[in-house]
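Sharing a structure here in structure tokens format.
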Amino acid sequence: MATVTFDKATRIYPGGEKPAVDGLDIEVGDGEFLVLVGPSGCGKSTSLRMLAGLEDVNAGAIRIGERDVTHLPPKDRDIAMVFQNYALYPHMTVADNMGFALKIAGVNKAEIRKRVEEAAKILDLTEYLARKPKALSGGQRQRVAMGRAIVREPQVFLMDEPLSNLDAKLRVQTRTQIASLQRRLGVTTVYVTHDQVEAMTMGDRVAVLKDGLLQQVDSPRNMYDKPANLFVAGFIGSPAMNLIEVPIVDGGVKFGNALVNVERDAVQAAADKGDRTVTVGVRPEHFDIVNGESEGKSLSKDAPAGLAVTVNVVEELGADGYVYGSAKVGDEDKDVVIRVGGRAIPEKGSVLHVVPRAGETHVFATSSGERLSD
Amino acid sequence: MRHGKYRFIIGFLAIPLALYGVLVISPFVQDFQISLTDWTGLTPDKHYIGFENYRKIIHNHLFWQSLWHNVLLLLIVPVVTLALGLFFAFMLNVGGRRKGSASVAGVWGSGGYKIIFFFPQVLSVAVIAILWQQIYNPDPDEGLLNVLLKGVGIGGQTWLGDPKLALACIMAVMVWANVGFYVVLFSAGMASIPTEIYEASLLDGANRSTTFFRVTLPLLADTVATGWVYMGIIAMDAFAYVQLMSVNDGGPNEKTDVVPLLLFKTAFRDNSQYGLAAAMGVAMLIVTLVFAALTLRLARRDRLEF
């Protein structure tokens, strides 16, 4: 078992100016499950491949435990990797695939068999040990790839989007299996995905990357509750957080026809930077519908309180529903997503008045994207 | 539509089958017929002599020697050519040291090497034969090899004139002429193996030779088997190389004679024994069929999917 440290690790592809991974600084604890997440091209896979030794490190260092592995070849790093397309050896049986690394390492046959059978048992592969990969289903191949990693008993597991090739239902199922397997084995794991749901559900901590730059590393809960900037706010959560640019007024920010209290410090900080607006983020489930009732703090008496949202589309999911509507903020129409109860689905074309729930708003500086509220 | 099906199939099959029958099957049949006669090929008279020609072949020392040379070619040339082709292709595609972005790459300058390796393939056999005749020229001041040997202080050889070396010299030329094609063929085969598989084997701790023997070679087995058949056919023939390069057509001392050349000489030179030559053709056909059957038998295996 070991920790993994990225110490200002940087990767610049030959011929490129801009680093694919720029000064990545992450410390992964012993036995921790860290998920690297971000849109495609953000450098998450490159980071993982740097850790695997499949990609050079141009600056900075990578350490596994106390060992500096920056320039070690992959085989000397004591890691195992699960590839997106599994990369099973097509000409070998499942058992040979899983035991290949041990065979190269010169482990004796009885020991290899014992370890392969143990892993097969954990992964429910015992009856397939004699088969070739092509005679297996996608989910089974995925488990063989996992098995190949487990058998080696490495210090670190690396997983590069291992669930992307599975169908939706199997993906959800396998997600839980991998997470529980990792907890059971207690092996430090770095997991790459573009799917923020996977990131949120599997990781002990989540690291969000964008354009090769680390945006935030935090537990899934904190990532959701306190996104560090506009990008993380928009990326984490499904449907995405509503991000609305609103003008700063005395005592808070003007949100449609309502005044929303935000922390004085936050607004002050924005004003100090010369911004006249801030971007307020509200998650779909944090809107309260205030139709007709005047409990909100109306700015003008003759119009109902809150932000008027015209319903365009309603997604009914059973337990609840998502309203996709548009609202006039300032002079432009903004798309807004609101979660409503499953028994109170509004009609298409109707108008809802909503106010953000107190204490559940996020305030970001419009210019820098930094989080202002606490 | 159902009753029209056979008409449709026959319509398409008739022409190719007819062509195949006339151009491929009928010469074989004809060859067998001629092999049972004493026809000279020059006169209209032809007498049925039963299996007399085959009896002659069986007792002909030269035929067995030529066949042995063919077998030697069949055993050595494909093995050496394919082994070299695999080795070069591996070095050009995955055997290089890791550099820059790619974790799996060929040796430096592999693009240029590929062209150089393929170069002999664009030359005709006649050009290759003349070229190598000059290289093998025994003159210590003109033959390229002998000049080089003299340069390092070793005495020259007579090469193609040496009964012990002649066949090996011709084999070397056949390998040289064909290896480039297999470098390209195997390169294409290796390019179709996903990079992740090489990366997985790197992570599993495989070095170059383990990767080659445990991963690349098994994954290329189909391509190698195909190459084996092609090379086998070239080795069974070898007519052009031997005819053009050897001294006295298969010399010295018939040490480079091969069955196709012997057949040619029998039919068109040595008293025009056309019937005897036809019998040799039938014998050659049988040997070729055995080779093809064995190869296909050994090459039969599961198709691999990536």
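Each residue, glycine too, has its Cβ placed from N, Cα and C.
For reference, TrEMBL lists these features for the protein:
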- B:7-29: transmembrane segment (TRANSMEM)
- B:67-295: domain 'ABC transmembrane type-1' (DOMAIN)
- B:71-94: transmembrane segment (TRANSMEM)
- B:115-135: transmembrane segment (TRANSMEM)
- B:165-191: transmembrane segment (TRANSMEM)
- B:212-236: transmembrane segment (TRANSMEM)
- B:274-296: transmembrane segment (TRANSMEM)
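Help me understand the surroundings of these features in the structure.
Proximity of distant same-chain residues to the transmembrane segment (B:7-29), defined by a Cβ-Cβ separation under 8 Å and at least 6 residues beyond the stretch ends, is recorded for 285.
Beyond the transmembrane segment (B:115-135), the same-chain residues lying 6 or more positions past its ends with a Cβ under 8 Å from any Cβ of the stretch are 88, 142-145, 160, 169, 173, 176-181, 183-184, 240-241, 244-245.
Long-range contacts of the transmembrane segment (B:165-191) within its own chain (CB-CB distance under 8 A, at least 6 residues past either end) are made by residues 69, 72-73, 76-77, 80-82, 84-86, 88-90, 92-94, 114, 117-121, 123, 125, 128-129, 132, 136, 157-159, 216, 219-220, 222-224, 226-227, 231, 234-235, 238, 241-242, 245-247, 251-252, 255-256.
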Sort out the residues at least 6 away from either end of the transmembrane segment (B:71-94), same chain, that have Cβ-Cβ distances under 8 Å to it, and list them.
104-107, 110, 113-114, 117, 167, 171, 174-175, 178-179, 181-187, 189-191, 198, 211-212, 216-217, 220, 224, 227-228, 231-232, 234-236, 238, 258, 291
